[in-house]
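Presented below is the structure to which this report refers.
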Amino acid sequence: MGCCKVPALIQAQVEMGLVNEAEHKSLFRRETDSPQTKAASLMEQGGSLPGSFRERTAKSPKNSVLQSFKIVILSNKLNLLLPFGPLAILLHYLTDNKGWIFLLSLVGITPLAERLGYATEQLACYTGSTVGGLLNATFGNVTELIISIFALKSGMIRVVQLTLLGSILSNMLLVLGCAFFCGGLVFSHKEQVFDKGNAVVNSGLLLMAVMGLLFPAVLHYTHSEVHAGSSELALSRFSSCIMLVAYAAYLFFQLKSQPSSYIPLTEETNQNEETSEDDEEAEISKWEAIIWLSILTAWVSLLSGYLVDAIEGASVSWKIPISFISVILLPIVGNAAEHAGAIMFAMKDKLDLSLGVAIGSSIQISMFAVPFCVVIGWMMGEQMDLNFQLFETATLFITVIVVAFFLQEGTSNYFKGLMLILCYLIVAASFFVHEDPHQG
């Protein structure tokens, strides 16, 4: 309340002639720099990017079970695809057609991935910046992680590697490309801008991830291991631990040391625009969000088991390489929430948030999910390593270089977006004709 009373008092003093206009502007400027106002400004930037800076300002709504069900399940048209999940499970026991089981599981997981993003966003309304960042890191890519762990449990190491690689490629080329393209069409009269410095840091982290994947592959193909077979695995596990430490340091740096890096350059303009605050308020309570996260995660886990089990059969049935299914089809489903969020923010001229979603998610997978799977495989006794093979590592390296070049100017338009989308189509075509000799 105090935040509103002071400007009103100053305005009354101006009208009475006690304070001149210049002093009024100065006082008002100081008031808008207050912590309360900054917190309100940060609330405008809600979204599924790492380190959401929403404070505990949202009131906890009191919903009945039926109301909560309506908000989470019935409010989204994408949830019309939910029945395909149980149908896939039913087909698994009634028929041996792996192609249909895989397709129905894939379609059934799509709305679950989007709702997981929504539930995480709702829970982030009640947490501070650190917990919000960890939530986004954990649940932002939970679909890919669950699918990967199930595949790892089944000994399908190549499916794990290719799924995570595909998710990185999808975020950097398809998601970011669509965001640039749609934002560029909406704001075709001007170039959209974003924080160039933050984009350069993110590009550097992606290059570090490439380095982590590159050296085990080079070691393998140059036959220069000290202990044949074991050195490559030992290097991968050591590098994975280093990458996890680097990702933890990155989270701490962004959330604690450099919170301003998440404030868009267009903040002043956006503050002056009349925006509805209803969209930023929590729609469900904290415990509702936690319960829904648990239910959705359990349902994704269940469907992922049937999905992974049907991958090889679907590949044979459809005459499509497993590498194409893993790199292209699975990540498109897992990135459904990121895709929608990035485009929405770009069309609102909030490109920093779009980058936070697309590039931030790529960093989460390359610096957190990939090394995490190596460590989990280590615990399971599976020889999961960072040698993604030459073709896949080269694809990732070239993709990171291309995206880094597109980000270096700090501006975007629909042409840049179109180029990224076309690059993704080339990658998709490459994996369609690529026969992976290391399937397992």
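Just so you know, glycine gets a Cβ as well, placed from its N, Cα and C.
The feature domain 'Sodium/calcium exchanger membrane region' is assigned by TrEMBL to 100-255 (among others).
As annotated by TrEMBL, domain 'Sodium/calcium exchanger membrane region' applies to 290-431 (among others).
Feature annotation from TrEMBL assigns region 'Disordered' to 29-59.
If one looks beyond the transmembrane segment (78-94) by at least 6 residues along the same chain, the residues whose Cβ comes under 8 Å of a Cβ in the stretch are 100-101, 104-105, 107-112, 114-115, 299, 302-303, 306-307, 309-310, 336. Sequence annotations record features per position, and here TrEMBL assigns transmembrane segment to 78-94 (among others).
Positions annotated as transmembrane segment by TrEMBL: 100-118 (among others).
According to TrEMBL, the feature transmembrane segment maps to 130-152 (among others).
A Cβ distance under 8 Å defines the sequence-distant neighbours of the transmembrane segment (164-187), meaning residues of its chain 6+ beyond its ends; these are 141, 144, 148, 206, 209, 326-328, 330-332, 334-335, 338-339, 342-343, 345-347, 349, 351, 354-355, 357-359, 361-362, 365-366, 369-370, 373, 388, 392, 395-396, 399-400, 403, 412-421, 423-424, 427. Here TrEMBL flags 164-187 (among others) as transmembrane segment.
According to TrEMBL, the transmembrane segment annotation covers 199-222 (among others). Tertiary proximity for the transmembrane segment (199-222) is limited to same-chain residues at least six positions away from its ends with a CB under 8 Å from its CB atoms, namely 168, 172, 231-232, 235-236, 239-240, 242-243, 246, 250, 261, 355, 359-360, 362-363, 366-367, 370-371, 385-390, 393, 396-397, 400, 403-404, 407-408, 410.
Annotation source TrEMBL lists transmembrane segment at 234-253 (among others).
Marked as transmembrane segment by TrEMBL: 289-308 (among others). Long-range Cβ contacts of the transmembrane segment (289-308) within its own chain (Cβ-Cβ under 8 Å, at least 6 residues beyond either end) map to 68, 72, 85, 88-89, 92, 101-102, 105-106, 108-109, 112-113, 115-116, 119-120, 122-123, 126, 139, 142-143, 146-147, 150-151, 154, 156, 159, 282.
What TrEMBL records for 320-346 (among others) is transmembrane segment.
Annotation source TrEMBL lists transmembrane segment at 353-380 (among others).
Here the transmembrane segment (386-407) has Cβ contacts under 8 Å with residues 161-162, 165, 168-169, 172-173, 176, 196, 199-200, 202-203, 206-207, 209-210, 212-217, 219-221, 232, 235-236, 239-240, 327, 355, 359, 370-371, 374, 416, 419-420, 423, 427, 430, 434, 436, 438 of the same chain, all six or more residues outside its ends. Residues annotated as transmembrane segment in TrEMBL: 386-407 (among others).
Per TrEMBL, the feature transmembrane segment maps to 414-433 (among others).
In terms of C-beta pairs under 8 Å, the stretch of 100-118, 234-253, 320-346, 414-433 lying closest in packing to the transmembrane segment (353-380) is 234-253.
Simply put, out of 100-118, 234-253, 320-346, 320-346 has the most Cβ pairs sitting under 8 Å from the transmembrane segment (414-433). Below 8 angstroms of C-beta separation, residues 47-48, 78, 102, 106, 109-111, 113-114, 116-118, 140-141, 143-144, 147, 158-159, 162-163, 165-167, 169-171, 174-176, 178-180, 182-183, 186, 192, 311-312, 314, 353-354, 357-358, 361, 392, 427-428, 431-432, 434-436, 439 of the same chain, each at least six residues beyond the ends of the transmembrane segment (320-346), sit close to that stretch.
Remote same-chain partners of the transmembrane segment (100-118), defined as residues 6 or more beyond its termini with a Cβ less than 8 Å from a stretch Cβ, comprise 48, 72-73, 76, 78-88, 91-92, 139-140, 142-143, 292-293, 296-297, 299-300, 303-304, 306-307, 309-311, 313-314, 325, 329-330, 333-338, 340-341.
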